[in-house]
Amino acid sequence: IEVLLGSDDGGLAFVPGNFSISAGEKITFKNNAGFPHNVVFDEDEIPAGVDASKISMPEEDLLNAPGETYSVTLSEKGTYSFYCSPHQGAGMVGKVTVN
């Protein structure tokens, strides 16, 4: 599945912001705007035993240009919350359910 970072109208959002995938399916996060974005999984809101640092981008790493991507494969079933660290305060958060 492809998830856009930034809506077409320039909004600070993940599109889609709430979605489901099958275990082992790849998620590709793609910068859709000229703003720097990243993808960080919330260590308190992912399945037990999953290491957030192994599935997140480093906090200082940003997708700066439109079209830049970050891909991750989630194999543990459960619900994962994620956010863009520069824009978390603006509500740029999302959730994926792995079935």
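Including glycine, each Cβ sits where the backbone N, Cα and C put it.
Per Swiss-Prot, the features are:
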type    : residues                   : note
DOMAIN  : 1-99                       : domain 'Plastocyanin-like'
BINDING : His37, Cys84, His87, Met92 : Cu cation binding site
Beyond His37, Cys84, His87, Met92, what residues of that chain have CB atoms within 8 A of the centre of the Cu cation site's CB atoms?
Leu5, Gly6, Leu12, Phe14, Phe35, Asn38, Tyr83, Ser85, Pro86, Gln88, Ala90
Sparsest-packed of the listed binding-site residues (Cys84, Met92) - C-beta count within 10 angstroms:
Met92
Fewest neighbouring Cβ atoms within 10 Å: which of the binding-site residues His37, His87?
His87
Could you pull the average pLDDT for the domain 'Plastocyanin-like' (1-99)?
97
